[in-house]
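Participant: After the structure tokens below, expect a handful of questions from me.
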Amino acid sequence: MSFNNSSRFIPVFAYSISTFFLMNFAFFIPELVKTYHFSYIESFILLGSPFIGRAFTPFLYSNFSKIGVHRLAMLSISIMSLFSIFEAFTHAFSILLIFRLLTGIFFGLATSAAVEVSAVSGNKILMGLTMGGWAIGWTLAAVLYTILGSVFYISLAGSVFLPSVFFSKKLNVISPHVKKYKMDFSIRAFLVFFLGFTPAYILEIVPTYLPDSSIESIIAYSIAVPVYVMIPFMINRFGIRNVAYVSISMAALSGILLFSTYNIYIAILFTAVGLGINSILPVVSRSLNIDPKKIGPSMNFSSIIGFMIPVLITIGNVSLNSSLMLGLALVILILFIGTNGFKISYSKNTITRHHHN
């Protein structure tokens, strides 16, 4: 795969805009309840349902990527933009649910293509910024919510990305992994991502319960972007073991404090650290001696927790459920990676494997 300055922009753009389409519903919950007359459970189902669609990505990516990874990423953006337009004019729960499930599928395709492009480039900053697209997309959703303030206008604003596919034609590259694709799965990688993604997915519900949530989100997710870029350099300096333990512990403590106090400054800390964990999970998986080809499919399957968390947390006391789920998941994650041990070392230039399972 060859790269130029324009093609390097595509993975960051694709991950960011995909996240915007995926997570803008986090700011819609009050309006869905008040204006659309959905229950809170129905509203949170709409918020989390795309993660069910995303779980199908491992089965679809091989065939779809034959059109080229750049084109796949940008085509997926255009399709999600079209769904967003339909959502602006739809008030039926069942129809919205279908669009949200489909959005999850194309989110998975777009982000898988984005991650592949950034990974093949070998550029650490590009890889960090690509993963930071999650925070950029959230920030975009928060900014538009602050400016536009309604489901209709924010959904309609997504139409601006409809022509995205036309910007990929001159940059198209066929994935080098298409013919090598094989469906692999690792239960250990699944557990790492299933547990490690808990902070990011708990953040789905924060805008509903935190006053001035859009302002908090803009600040917090803006801070999270450089955190994504910094973490690879921190791993080089301090080692994956130390960075993993400190990051996970900080996320657990700040998250529990957040749901005890709903303090905006703690929310900003939890957002930055909680999202920062996302960028170390692939490295943790490699450090546990998991075959690299099993990491991607296992990560996509683990996204089902993105649907489970907002639905389960709203059954009962939200603050208590959030704190218990977060604390339990991250304690188990620390015990799991500590028990399994870090089998390989992460150096400044590469990850050196000693052996594979």
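Placement of Cβ uses the backbone N, Cα and C atoms for every residue, glycine included.
From a predicted model like this one, the values you see are computed outputs, not experimental measurements.
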Participant: Look up transmembrane segment in TrEMBL and report which of 121-142, 297-318 it refers to.
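Facilitator: Checked against TrEMBL: transmembrane segment maps to 297-318.
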Participant: Six or more residues out from either end of the transmembrane segment (189-206), which same-chain residues have a Cβ under 8 Å from its Cβ atoms?
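Facilitator: Residues 23, 26, 44, 47-48, 51, 134, 213, 216-217, 248, 251, 255, 258, 267, 270-271, 273-275, 277-278, 281, 284-285, 288, 290, 294-295, 298-299, 301-303, 305-306, 309-310, 313-314, 318, 322, 325-326, 329-330, 332-333, 336-337 contact the transmembrane segment (189-206) from elsewhere in the chain.
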Participant: Between the stretches 92-113, 151-168, 265-285, which wins on the count of C-beta pairs under 8 angstroms to the transmembrane segment (68-86)?
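Facilitator: Result: 151-168.
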Participant: What same-chain residues lie close to the transmembrane segment (151-168): Cβ under 8 Å, and 6 or more beyond its ends?
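Facilitator: Answer is 10, 17, 20-21, 24, 27-28, 31-32, 35-36, 68, 70-71, 73-75, 77-78, 80-82, 84-85, 87-89, 141, 144-145.
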Participant: Short question: most Cβ pairs under 8 Å with the transmembrane segment (92-113), which of 218-235, 242-259, 265-285, 297-318?
Facilitator: 297-318
Participant: With a Cβ cut-off under 8 Å, give me the same-chain residues at least six positions beyond the ends of the transmembrane segment (265-285) that come close to it.
Facilitator: 128, 131-132, 134-135, 186, 188-189, 192-193, 196-197, 199-200, 202-203, 206, 210, 216-217, 219-221, 223-224, 227-228, 231-232, 235, 240, 243-244, 247-248, 250-251, 254-255, 257-258, 295, 298-299, 337, 346, 351
